[in-house]
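Right, one structure below, let's go through it.
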Amino acid sequence: MIRIVRAELHGITVTGADLDYHGSITLDPEHCDLAGIRPLEFVDIWNKQSGARISTYVIFGEAGSKCCILNGAAARTCQRGDQVIICSSSYVEETALYDTAPMVLTFTPKNDVKDVLRYRVKETARRPFDFFIETLPRAENSDVDDGSAADRAIA
């Protein structure tokens, strides 16, 4: 068995840190649902600013809030405004790599979903386990402003 990425929130911005709350990370359930992260699931959190690496479990905050709040002892590792990578994992047999397709979400500084990606492993002529990233269409209800709306309004 090998440990693999199962789902990832990449570059989400910390919106709060609550030292006095019991441990966990509070996340917007809409982000978690899209990525496939479940409540009470253990996740690894990597702080892009400080390099801190911690592990805790997920609880859901308010839907649509775009929250990312470190609670309890985890609150000591991040500050509001820090960007973090939140990664869930699972153990699979090596041959099951071909059947996995982890969902990876990237974020804007305001925690809107920027990109929806899938990681894939396929056998190629180069190697038995080759890595690919697929870009998926963004959800219709995404609040991401890529500037195209402003361009249309001016034209």
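Numbering starts at 1 and runs along the chain as displayed.
Glycine residues also receive a Cβ, built from the backbone N, Cα and C atoms like all the rest.
Cβ neighbour count for S24 (active site, schiff-base intermediate with substrate) (all protein chains, 10 Å cutoff from its Cβ): 19. Per Swiss-Prot, the feature active site, schiff-base intermediate with substrate maps to S24; the stated evidence is sequence analysis.
Feature annotation from Swiss-Prot assigns active site, proton donor to Y57; the stated evidence is sequence analysis. Just so you know, the Cβ of Y57 (active site, proton donor) picks up 15 other Cβ atoms within 10 Å once every protein chain is counted.
Positions annotated as substrate binding site by Swiss-Prot: T56, G72, A73, A74. Over all protein chains present, the Cβ of A74 (substrate binding site) has 22 other Cβ atoms lying within 10 Å.
DSSP gives S24 (active site, schiff-base intermediate with substrate) a strand state. Feature annotation from Swiss-Prot assigns pyruvic acid (Ser) to S24; the stated evidence is sequence analysis.
Between the alpha carbons (Cα) of A73 (substrate binding site) and S24 (active site, schiff-base intermediate with substrate) lies a span of roughly 9 Å. Long-range Cβ proximity for T56 (substrate binding site), meaning a same-chain Cβ under 8 A and a gap of 6 or more residues, is found for G23, S24, I25, F42, V43, I45, L70, N71, G72, A74. The binding residues for substrate are recorded as T56, G72, A73, A74; their greatest pairwise CA distance is 10 Å.
Under DSSP, Y57 (active site, proton donor) is assigned to a strand (E or B) in the three-state scheme.
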